[in-house]
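Below you'll find the structure, written out as structure tokens, and then a few comments.
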């Protein structure tokens, strides 16, 4: 993987990731949004449909794919790209977040995490080394280190111990990744909770270990938006300017805009797909809750500014009808729209950065939503 920083507008960055895959060279324009394909599928969508929304890279979930179908099945197909028939780049998370979200079902030790398999109840163990091995079998183009996602709220002492263990795990991840002869990219993950001092230590140590890109982890876990913005604004300038920066698990459209304002290049979130299945649809000036009875007779398209298949062919009334009847097509059409909305947003962001008018774009974005622009700490 190579990263080229093309231009900036304030702290916002316009770049390009390039990947050499067996099928040829693929580029990912940044800032980029990655749809989430937890079980080797973006729910309800074929790879061709996902690509048609503008997606250039997907996220796969190491933890869930390890439990089902498992490494052996993956190896029989070749890798995750062959298994799901998406031959463009894939980033996989390390499984850490899913393990830590199991709560009482897991026990953290220096070696790794022992936990109860949520599918069949058996006791299993996931370590930094094992995570690297699973992601190697998945053929991930971007591999994430195994870390502990520090919960919120956390005391300074807990956040410090957690961050220090994540650094030790980062080194073990790096070592096993190299031992496997993996030629793909490995990203480090900055932890440290809401404490700037800990974030600084984490970033400096990860840079010393050396990674192909750096993620900001442990955010969007319940902390107030102001806290997330503060930590993001503090952390991103600590990271190498010539490496991609990834904000994990975030988020709402305004979160993407705020991340880009603070120098982030990559995002992922289940929000566009999950919200689509629940009838919450993102449009130019906010959200349409398609289950609302006022749409029963509405013959207008979902968003007149959107070029997606759904908006070009169907009315709000039809989408309301499909949802009311529990038709699978409704969830699919909603998903197509929401994913396209996110990709259009990223396209607009990239254009604004290229034209060095990103600040104007931010003002226009919030004006359409009828919301105030969140302040920058250093403004």
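Numbers run from 1 along the shown chain.
Cβ atoms here come from the backbone N, Cα and C positions, even for glycine.
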Co-listed substrate-binding residue [Swiss-Prot; alongside 93, 94, 95, 96, 97, 147, 218] among 29, 71, 116, 191
191
Per Swiss-Prot, which one of 280, 337 shares the Zn(2+) site with 306, 308, 311?
337
Looking at the candidate ranges 273-277, 283-287, 288-292, report the one that Swiss-Prot labels region 'RNA binding'.
273-277
Same-chain residues six or more away whose CB lies under 8 A from the CB of residue 191 (substrate binding site)?
147, 148, 149, 150, 159, 162, 163, 166, 198, 199, 202, 217, 218
Tell me the coarse DSSP state (helix, strand, coil) of residue 94 (substrate binding site).
coil
Nearest to residue 93 (active site, proton acceptor) by C-alpha distance, among the binding-site residues 306, 311, 337, is 337
Should residue 218 (substrate binding site) be counted as helix, strand, or coil on the basis of DSSP?
coil
What are the sequence-distant neighbours of residue 268 (active site, nucleophile), meaning same chain, six or more residues apart, C-beta distance under 8 angstroms?
33, 34, 35, 36, 59, 91, 248, 249, 250
Just to verify: the residue among 306, 308, 311 with the fewest other Cβ atoms within 10 Å, which of the binding-site residues is it?
306
Local backbone state of residue 337 (Zn(2+) binding site), from DSSP in three classes:
helix
